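**Q** Pulled the feature table from Swiss-Prot, pasting it below:
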{"type": "ZN_FING", "residues": "37-68", "note": "zinc finger"}
{"type": "BINDING", "residues": "41, 44, 60, 63", "note": "Zn(2+) binding site"}
{"type": "REPEAT", "residues": "154-237", "note": "repeat '1'"}
{"type": "REPEAT", "residues": "248-329", "note": "repeat '2'"}
């Protein structure tokens with residue numbers, strides 16, 4: 001009996017030692033990665049550091065000094081040269097995302113009737129597999145909250161795709177909507193309205209501005225409802241949203257007008273000067289941005305008409321005329337029409 005207890009005690013000690021070694025190794029790797037981010041070459045002071053994964057070394061790209069050695073590569077042990085090879089060899093799923101109601105952590109039964117070895121499923125088992133696949137789809141959305149999220153997030157994805165918004169905006173919008181659901185802000189409001197308001201808030205947070213009119217075009221609710229819901233959720237969730245800058249609209253408007261980088265740079269310069277003199281305060285950012293682009297296109301010899309600029313910016317020609325006259329007068333810009 002005593003001998004058995006000794007064996008158990010020694011096994012426990014051995015396990016604790018292994019855990020301590022693993023923990024120490026992880027901490028060391030974290031420290032090394034943190035140091036590597038801040039590291040500079042002690043020989044020449046360069047920050048151009050290159051990870052040589054074949055030799056497991058951290059090397060200065062300028063003078064060739066080996067700064068660190070024997071670091072562990074935590075990536076996969078296999079290599080893939082195209083998408084098909086990557087899909088075949090990968091043993092994990094897609095990363096977690098807030099744009100799916102279950103954050104992408106649930107499983108699904110593939111529609112290709114094949115087993116893990118790639119062999120075709122027998123016809124005798126296909127009926128059972130069909131039933132399993134059907135019930136697996138059902139249990140992914142099991143209650144009212146999940147159904148709400150599934151519908152709202154699909155709406156967010158549809159609107160974001162129609163507006164050509166990047167992945168970061170979609171993730172931010174999904175997080176805003178989830179917070180609204182957690183605080184029970186959806187009650188008494190349409191799912192489409194809250195989703196559109198969350199997308200508008202995410203655009204402002206990520207400095208990828210879209211106007212309420214643009215959001216209205218791709219949503220199924222009115223501009224008035226989007227604005228009202230946006231003000232409500234931004235107040236209740238205490239969202240920190242800075243006023244939209246006209247500069248944020250310049251790249252998109254210039255791209256829509258097929259203008260060169262010189263015009264874009266000149267437009268940004270005009271807007272910065274206008275901001276310093278507080279000429280942008282109390283005015284719509286799209287109108288000011290459109291006026292700056294109109295002036296810059298004339299100065300750089302790539303003239304666009306007021307109608308063309310107005311169509312891309314979603315404002316009227318009168319707005320552009322008023323704003324460009326103000327900018328030209330206050331900034332002493334001579335425009336030859």
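Just so it is clear, glycine is given a Cβ too, placed from its N, Cα and C backbone atoms.
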**Q** Please indicate, using numbers and ranges, the residues of the same chain that are 6 or more beyond the zinc finger (37-68) and have a C-beta under 8 Å from a C-beta there.
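**A** Here no positions qualify.
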**Q** Mean pLDDT, the zinc finger (37-68)?
**A** 77
**Q** Starting from the Cβ centroid of 41, 44, 60, 63, which together make up the recorded Zn(2+) site, report each further residue of the same chain whose Cβ lies within 8 Å of that point, ordered by sequence.
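**A** The surrounding set, listed in chain order, is 42, 43, 45, 46, 48, 61, 62, 64, 65.
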**Q** Counting by DSSP, what is the helix, strand and coil composition of the zinc finger (37-68)?
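**A** Helix/strand/coil tally for the zinc finger (37-68): 2 helix, 11 strand, 19 coil.
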**Q** Run through the Cβ atoms and count how many others sit within 10 Å of the one on residue 63 (Zn(2+) binding site).
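**A** Taking every protein chain into account, the count is 12.
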**Q** What counts of helix, strand and coil residues does DSSP assign across the repeat '2' (248-329)?
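**A** DSSP composition of the repeat '2' (248-329): 61 helix, 0 strand, 21 coil.
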